[in-house]
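Taken straight from TrEMBL:
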- 1-76: domain 'Protein kinase' (DOMAIN)
Amino acid sequence: MEYVPGDNLASWMDEVEFMSEAACRFYAAETILALIDLHAMGFIHRDLKSDNLLLDAGGHLKLADSGTAIRVDPET
């Protein structure tokens with residue numbers, strides 16, 4: 001897992017007065033793309049929340065805290 005020296009999405013949302021619709025769409029899309037990748041590898045995160053979405057230096061999301069993730073059989 002890579003080191004992400006930024007903040008998490010929950011802390012960032014607490015700091016800003018207003019989140020634009022464009023920002024909401026951007027972070028929703030980034031979250032969905034991360035979950036698609038994770039599910040394609042056969043994992044379920046099981047602890048998705050804004051505290052576990054880290055913001056990197058470029059403002060992109062990184063999914064964190066996979067301690068409760070499980071691998072699933074694609075046949076089930």
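Each Cβ is built from the backbone N, Cα and C atoms, and glycine gets one as well.
TrEMBL entries are annotated by machine, without manual review.
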With DSSP as the yardstick, break the domain 'Protein kinase' (1-76) down into helix, strand and coil residue counts.
30 helix, 11 strand, 35 coil
Rounded mean pLDDT within the domain 'Protein kinase' (1-76) lands at 88
